[in-house]
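Pulled from Swiss-Prot, these are the features on record:
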type: SIGNAL; residues: 1-16; note: signal peptide
type: DISULFID; residues: 60-64; note: disulfide bond
type: DISULFID; residues: 79-170; note: disulfide bond
């Protein structure tokens with residue numbers, strides 16, 4: 001019995017990063033900047049990739065049962081603005097359509113950053129994406145190290161991490 005309880009505890013701790021964080025409008029609403037993005041399919045988040053998102057604004061609606069996110073992508077170097085509306089499902093993940101079906105949630109938050117995990121499902125399969133956004137236009141070494149650890153937890157190789165700050169010239 002003790003072995004079973006220890007196993008259950010170990011599994012609970014190892015899967016803790018998959019829990020959805022509850023957020024309030026005061027934590028979410030406002031201007032954000034994309035800092036880092038990574039995916040298990042790097043093509044999707046590389047320069048010109050369909051999931052390389054430059055977040056600009058997040059709005060919490062109905063006590064965060066809905067998130068409205070305004071962001072840019074680049075097609076052949078040209079910025080294109082998009083707005084998606086994600087509705088929270090029973091499992092706590094937000095669901096929306098953009099370049100396929102997306103299931104996302106906030107996995108980490110602090111006063112000045114939020115980290116999203118997204119599963120994108122399209123004709124080519126399933127892609128795990130993580131994205132960290134900040135209130136400021138730059139990040140610290142500690143934020144990058146924390147993001148690298150989160151990427152590792154989602155089995156995304158460190159070499160798949162993209163620094164978005166140098167290429168974010170949309171909405172300026």
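Heads up, the Cβ atoms here are built off N, Cα and C, so glycines get one too.
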*For residue 170 (disulfide bond), write down the residues of its own chain that are at least 6 apart in sequence and whose Cβ falls under 8 Å from its Cβ; none is a fine answer.*
54, 56, 72, 74, 79, 81
_Sparsest-packed of the listed disulfide-bonded residues (60, 64, 79) - C-beta count within 10 angstroms_ = 79
